[in-house]
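**Q** I am attaching a structure below and will ask some questions about it afterwards.
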Amino acid sequence: MKARTFEQGIHPRYNKELTAGKAFKLASQPEEVIIPLQQHIGAPAKPLVKKGDIVNLGQKIGQATGFVSADIHASVSGEVLAVEKVNGSLSVKIKNDFEDRQDESIKAKGDLKDLSAEELKDIVKEAGIVGMGGATFPTHVKVSIPEGKNVDKVILNGAECEPYLTVDHRTMVEQAEKVIYGLQALMKMVDAKEGYIGVEVNKPDAIKSMQQAIKAEDKISVVPLEVKYPQGGEKQLIKAILDQEVPSGGLPLDVGVVVNNIGTAVAITDAIQVGMPLVERTVTVTGAVKNPQNLIFRIGTPLSQLIEESGGFIGTPGKVILGGPMMGQAQSNLDLPATKGTSGILVLSKDELGAYPEAGPCIRCARCVDACPAKLLPTALVNLTKADMNLKLQDYHVLDCIECGSCTYVCPANIEILQWVKLGKENLQAELRKSE
Amino acid sequence: MGKEKIDIKLIVVLTSIMIISALVLSLVYQATTPLINEHAAQAKKEAILDVLPGAVKYEKLEKGGLELYQGLDEAGSPVGIAFQHEGNGFQGTIILMIGMDVENQKLLKVKILDQLDTPGLGARMAEEEFKGQFQGKSFSDNFVAKEDVDAIAGATISSQAVSNILKDAIATVEQAYSGGE
Amino acid sequence: MDFEIFKNAIPSMGLLGALFAGGLAYSSVKFKVEEDPRKGEIEKVLPGANCGACGYPGCASFAEAVVKEETVCDGCPVGGPDIAEQVATIMGVDAGASSKERQIAQLLCQGGKAETFNQADYQGIPKCRAANRVANSKSCEYGCLGFGDCVSVCAFGAMYMDDNGLPVIDTDKCTGCGKCVSECPRSIIALMSNTEHIVVRCKSVLKGKEVKQACEKGCIGCTLCAKKCPVDAIEMVNNLPVVDAETCVGCGACVQACPTDAILETPYETIKIEKPKEEVLVITEDCVGCTLCAQKCPVDAIAGDPGNKHELDTKACINCGQCVKVCPKDAIEYQ
Amino acid sequence: MGDLGELFGSLVMIFMTAAITNNFILSQFLGICPFLGVSKEVPTAFSMGLATTFVMTTSAVCVWAVNSLILVPLGLGYLKYVAFILVIASFVQLTEMVIKKVSPPLYKALGIFLPLITTNCAILGLALMIPMNNYNFIESTIFGLGAGAGFTLAIVLMAGMRERLEFADVPAALKGAPITLLIAGLMAMAFMGFSGL
Amino acid sequence: MSNRTQLTVSPGPHVRSKESTSNIMFNVVLALLPTTLTAIYYFGSSALMLIIACSITAVATEALFQKLRGIPVTIGDFSALVTGLLLALTLPPELPIWMAIVGSIIAIALGKQVFGGLGYNFFNPALVGRAFLLASFPVAMTTWKLIDVTSSATPLGADNPTAIALKDLFLGRVGGSLGETSAVAIILGGLYLLYKGYIDWRVPAGYLGTVAVLTTFVGKGGPIFHLLAGGLMLGAFFMATDMVTTPVTKKGRWIFGIGCGILLVIIRVYGGLPEGVLYSILLMNMFVPIIDKYTLPRAFGEVKING
Amino acid sequence: MLTLWKDFVKGLWKENPVFVMLLGMCPTLAVTNTATNGLAMGLATSFVLLGSGIVNSLVKRLIPDEVRIPSFIVIIATFVTIVDYSAKAYVPAIAESLKLFIPLIVVNCLILGRSESFASKQPVHRTIADALGMGVGFTWALTFLGIIREVIGFGTVFRGTSLAIQVMGEWFQPWLIMVLPAGAFLTLGTVLGVMNYFKNRAASVKVDLQDSTGESCHTV
C-alpha cells in the first residue's frame, strides 16, 4: 500500500533514532511541583486551593472557567506552598510529600459499553484532558459537536512529523491497546462510524503494533503516511487520509472529522479505566543531553529536573526547546515546569546552533512557496507585513497559515518568514477588529 | 436648488474667445502662409534638382494622374523625372523624392524629405551611405533589405521601408507611363 | 489683405464655441451634483497625515464626517486647538471647550540596558511585538523590549530611542494620537494629561525581591510613596502605586521618598533627585525572632531563623520602615 | 472577401502599431504625466487606463468629425489646435459631469481621472495624428482604441512594478520620480524588441 | 547590569536547511562553467578577456555602489559575479573591452542596484546590460567573429538557415555570442541546476516548448533549428530562470515561460530584429509583478463554504 | 520689486518646473535628444507661457468657472498656433525637428498649471515675472538635458546648426541609446537621482550644522 500524503511540505532531518528505540521510563518525582492554572488554550482555571492546604494526588485544584477551559489537578500529594504568578501565569506550588495519596474521586468509571456519549464527555472534562500533541486544545470541547454538524470519522494522529520527538511512536508500540480503547471512546463520544490511525512509514514497528491491535476491529484502520513535514498537521492529515480539504477558515468538523492525538487517546483511556485525571504525561528529552530518552513525568516537574534526569547537557546548551525543533518554543528559564502540552524537551548545544545567520534580502527563489503546505505565498506575506499593508494580507489568505515553519526552514536568505507572518496575522486581526 | 437658468454668460464668453482666437489666427495665417509656401516650394525645388543629377531646372508633367517633374539639363534636354512618394516607415510616414530614369529603367537618386524613424538608427537612411546605394538600381530589382539592399545596421525595418516605398513608386510610375501612352 | 478667410473662420469657430459652451452650461445645470463645499475647505485645513487617530480612515473621511456633523470640530487630535478653530470657523460654530489641556504619551518604564539585563539571547525579527511572542529574554517581563516599535509608528517624529535602549518622547511634538500606546506589546506607554504631575514609571506587579533582581529602577511595592504623600493621593494596587490626579498636589514628596526612583515628576524630562540616605536601619538585641519583619520586608533584606535574632542586610534595605512599624518589640530602629 | 480581409488586416496593423510598436508612452513620450502620477497601484492604474482609452476613442471620433466635416471643407486647417482642444476639453468636462450625476460608482472608478486626462498630451497628440495620417472614421476609432490599449498596458505594467517597489530598498535619492523614470527607461528598452513588427 | 545571558530564545523553527543565497549563486557559477570553457575554447583569449573584464567590473560596481550608499557590501554572495559572467556570455567575442565594461557597470548599477540590490530588481541585470549595449552600439554588438564557418552572421541572421548543420549548432561550431554557441554545454549546466533544484523546470519547458511548437508552423528553419540557434538555450536555462525576475508561483512560471516563447517567435519571425531572446525575457520581466499578483495559488481549503 | 524678483527666481532652481515640479515631462523627454531641440522647445514654451499667462491673468475675472478650463486652453492653443506658424515661416529647420511637439505645448501641464495656480490668482506684472522665471527654468533644463544626451549620444553639441561643436574626439563611439526613448527616461531619471543625492547630502549637512550651533542657519 502506497503511503499517502498531502501536497508540498518539506523533509527536515528527523533525528528520531536518538530515542525511537527507548522504552518509556518513569521520571522521579520532584520535591516541588509548579502547576500553572492555564495549561490549555482558552480561559485559565480558577484556583480551588490556597496556601497551606493539603492536597491529594489527582485532586482538582483548578476549576475550568467557561466552556473553552480545562480543569487542573494536583499531580502529587502534599502541601500547597503558594498560589502566585510564575512567569506571568498564576500557578499552584505544591510541596511533594511523596506519599501519592490518591484522591477519593479517583476510581474506575466502568465499562466503555455501559457509558453513554454524554457520560464519556463528562469523564474527559473532569479529567482535564487537552490535546496532547502540543496544541492543548481542551478535548471535551473538541468532542462536543455543535448542532447541525455531523461527524462520522475520528482520526488519531500518529504521524509525529516533528523531528526528534518519539513519544507517540513509543506509545503506539508500548500501549497499542490503550490507544485503540481511547479511539473507540472518542468514536462513541462523537458517534462516529469509522476510525483511522495515521502513522508515518518511518515507524514500521508502530504500524505493526497498531495493526496487531485492530485485528478484531473492522471500523478502525491504520493508514501509513509518507514521511514528510507537516504530515501531522490536522488539515494535512485529513487531506492525506481522506483526500478531503478542510475549507479555509473552517474546522475538521466541517468535513465530518475529529482529529486527536495518540497521547490524548491514552489519557482518555486512563481516565475511564483508572479514573486518573491528567496528572502525568510522556515526553521525549533529546538533543544535546547525555542520555536522550522518553520519560513519563508528573505535570509541574521543572524542566531542569527532567534534563538532569536525562544525564544533563552535553557541552554548553544553546537552546532548550519545548516541543520539537519546528514548532516548539525556546525557553529562557529552566525553572519553569513541564506541563500538559510538553511533548518534548529538545536541547540544542551552542556549537550546533552556530552563529545566528543575518537575514538577507529575499531573492524570490520561491522555495517557501513550494514548501508551504497551506499553499500560500509566504514571501508576499512577509513583504506586505513589513510594509504594513495589513488588509491586503487577507487577499493572500494569511489566516490560513498553520504556522508550521516550513517556509523559514527552507529560506536560503534566512528570513524569519514565519515570525513575520505571525505578526501579519496579528496585524490583520487587529485591523479587522477595528473595522467591525 | 431647484431649476436654474442656463447661464448665458458662459456661452458669450467662450464664443467670443473662440471668435477672437479665430480672428487672430487668421491674421497670423495670412501673414505666414506665403513664407511657409515659399519655404516649401524652395525645398521642393532643391529636392527635385538634387535627385536629378545634371538637371538645372525642371518642369511639371502630368502623366496618368500623377504629378511628375521632368528635369532638364543646361541644354534643355531631359535627364529624368522626379517623383514624390511616401509610405509607412518604422515609426511614421516616410516621404521620398525619387529621381528616376524611366527610359533605362533605373533609379537616379533618392532624397529623404521627411521621416520619423529612430535617430541614430533608422534616421541614418538620410545618410549617403544608405541612400546612395539606390543610385543606378534597376527597376526590376527585388528591393529586399539584406538581400539586394544593404540594410542600415540595426535598422532593417527602416531600410526595408525605404525599399518598399521605392518599389511602390516604380510600380506607380510605370503604371502611369504604360497607361498614359 | 484677404478678408475672405474670415468669412469661414469666424462663424465656424464662434459656432463651435457657442455649441460647447451651451452644452457645458446646460449640463452644469442639468447634471449638477450637490456637494458640500465645506468638505473641501476642511480638508485643506487638516494636517493631511491620514494617521487615523480621529477614528476615520483618513483626513478626507474625517472632513466628510465633520460636514455631516457625525463628529465634532476638534475631533482631530493631531491638529490641536488651532486646526479645531479653523474647522469650526468653516463650520460656523465655536471650537468648544478645547482648553490647553492635552494628552501626551508617557513611558512607564525605566528599565533600559543599564538598569536591566538579558536573561537570554533573543534571535529573531528586531521588533518588540515579535520578540514579545517568544519566551521572555529580558530580565523584567514587564519592561521595555527596546526595539523601538513605538518610534517606528510615530508619524510625527516625536520619539527616538536613546543610548540606553529606551524610547524618549518629545512632549512638544507628541500629539497624543496614541499610535505608540496601541503598538507597545507590553503596554508601557500610556496617554496622560499634561496636567498630571506625578508618573509611576514601572508596570511590574511582581514582589519587591523579584523586581529588585530584574531592574534597578523598578517599583518594589514598598509603599513609601503612599505613606509620605501629604494628601493621601497614592494608593497601592497590585504592588504598584496609583496616583489620583485629582487629589495630587504635585509636591514631589513621593518622588523624594521612592528608594528606586520609580516615581518621577513631570514636566517630562527625567529629573534626577539625589536621595539622601541619612539613616540606616538596624535590628537591636531586643529582637525575639518573630519573623514578622522578614515577612513584611518588600525586598527580603531581613533574614533569620524563627526564634533567633534576625539580621538586616543594609545594602539591600531601602529604608521603607515597614519592619519598624510591624515589630512588636520595637527592635528595629534608625541609627 | 479579400478586400475585407485586407481592411481587417490594416486595422489590426493600426491597432498594434498604436498599442505596441509606437506605444504612446514608451516611444512617443505622450501621456507621461499620468504615467508617472497615477501608477502607484494596479487597480487605479487600470481605471486610469480605461478612462484614457475611453477618452481617446471618443476624442478620435470627435476630432475626425470636426476635422473632416468642418476644418478641411472650409480650409481652416490652421485652426485645428484651437478647435481640437476645445472639442476635447469640453467633451471631457461634459462626460465628467454626466457620469458624476448618472452613475456615482462609475464616477468613483473612472470619473475622478477625467479632469487629469483633459490636459493629457496623449489625447491631443492622438488628435493631431489623425489628420496627419489621413485616417478615416473607422481607422480613427481603431487608432484611438489601440493608443488607449497601449497606454493602459504601459501604465498597468508600471503600476505592477511600483507596487513591488514598495517593498524594495531603493536608495533614498532615487525614491519617487527618478526610479519611476529609470523603470520607464528600462521598459522602453525592452519595448525596442518590438521594433519593426 | 551584568550580562547574564545563557540560553538563546528565538521563534521557531529552530532548525534550518543548509541552503543559502551564496550557495545557490555559487552553483549557478558552477553550472556556467562548461559554457564558459567552451567559449574560451572556441574564441580564445578575447573571450577570456571579456569574461574577466565583465566579472571584475560587475563585482567592483556592486561593491562601489554599496559603499556609496553606506550599506553592507555583499559581493560575497556571488550574485554580482553571476551577472558579470552571464553578461560576458551574451557578448560577441570581438567586442571592445571598454564596451563590455560599460555594459557590466550598467547591468549592475541600472539593472540591480538602483532598485536596492539583490532581490529587488525587476529586470534581469545581465540582460539590461546587454540591451543597453545593443541599443548603444548596434553595429559592434552584431558583428561576429567567425570560427571556421563561412556565414557572416549568427545563424539566425543567415540567409539560408537550413544550410547550417544542426550538429554544428549543437556543439557550438557557429558564429555568435560567447556563450550562445554550444547548446550541449548550456544544457549540461542547465541540467545540473535542474538536478540541484535551483531552477524550476517549468520556465525552460514552457519557453522551449512554446518555441518548438510555434516554429513548427511559422518561420523558416523548423523547430530544432530555432531551439538550437541564437541565445535561446542560454536564455531559457540561465536568464529566464533567474529567480529574482521570474514569478514565484508555479502557474506564473508557466505563463512566464510560454509568454517568453510567444514573444520570441513573434520577434524572430515577424520583427525587425534577428534575435529576440533578450527582449522576450526583458518584456516578460515587466509582467512578473502582475503575473504574481493574479496567479495566486489556490490556498489549501480555499473553497466556497456551502458552495 | 523684491516680490517680482522672487517670482522670477524661484523658477530657475527652487521650483524648477522640470527638476523639481516635474511638469511638462512629455516635451522634456521627447525633444531633448539634441541641445538645439531642447533650447528651441524651451524658448517656444516660454513664449506661450508668457503670452497665455498675460492674457489669462487679464481675462480671469470675466470667465465663469464652468468654462474656465476650455477658455484657458483655447487661449493657450491660440498662442501655440502662432508659435507654430511663425516657426514654420521663419525657422523652418527647427520647426521641422520639433514637429508634433510644438502643438503639444498646448497640453504641457506646465502652462496650464501656471495658468491655474498663478496667473488666475495674481496680477499681470507678477504673472509676467513668474512666466519668465518658469520659462527660463524650463529652457535651461531642457537645454541641459539636450546637451547631456547629445554629447553622449552623438558626441556633439548643437549639431545641425552653425554653433555645432564636436565635443568628443574621433575615438568616441556614440552611445545611440541616449538619443532613443529609453535614453530620455534614463537620463532624466539619473539627473534627478543625482540632484536628490546632493540635495539630501546638503540637507543632512544643514541638520548637522543646526545641531552643533543650536540655531537655524537660515539667513534669507
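Cβ atoms are placed via backbone N, Cα and C, with glycine included.
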**Q** In TrEMBL, which of the ranges E:72-91, E:152-171 has the transmembrane segment annotation?
**A** E:72-91
**Q** Choose the correct range: of E:201-218, E:273-290, which one does TrEMBL annotate as transmembrane segment? Give that range.
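**A** Within the set E:201-218, E:273-290, TrEMBL attaches transmembrane segment to E:201-218.
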**Q** Go through E:24-42, E:72-91, E:201-218, E:224-241 and flag the stretch with the largest number of C-beta pairs under 8 Å relative to the transmembrane segment (E:127-147).
**A** E:72-91
**Q** Sort out the residues at least 6 away from either end of the transmembrane segment (E:48-65), same chain, that have Cβ-Cβ distances under 8 Å to it, and list them.
**A** 36, 39-40, 73-75, 79-81, 83-85, 87-89, 91, 93, 95, 97, 100-101, 103-105, 107-109, 112-113, 117, 178
**Q** Quick one: do the transmembrane segment (E:224-241) and the transmembrane segment (E:174-194) reach 3+ CB pairs under 8 Å, ignoring pairs fewer than 6 apart in sequence?
**A** yes
**Q** Go through the chain and flag residues at least 6 beyond the ends of the transmembrane segment (E:253-271) whose CB is under 8 A from any CB in it; none is fine as an answer.
**A** 156, 200, 202-211, 214-215, 218-219, 226, 230, 232, 235-236, 240, 246-247, 277, 279-281, 283-284, 287-288, 291, 295
**Q** Take the transmembrane segment (E:201-218) and find every residue of the same chain, 6 or more past its ends, with a Cβ under 8 Å from one of its Cβ atoms.
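**A** Those are 190, 194, 225-227, 232, 235-237, 240-241, 246, 250, 253-258, 260-262, 264-265, 269, in sequence order.
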**Q** Residues sitting near the transmembrane segment (E:24-42): Cβ under 8 Å, six or more positions beyond its termini, same chain?
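**A** Contacts with the transmembrane segment (E:24-42): 48, 51, 77-79, 81-82, 85-86, 89, 93, 147, 172-173, 178-179, 181-182, 185-186, 188-190, 192-193, 196, 198, 234, 238, 243.
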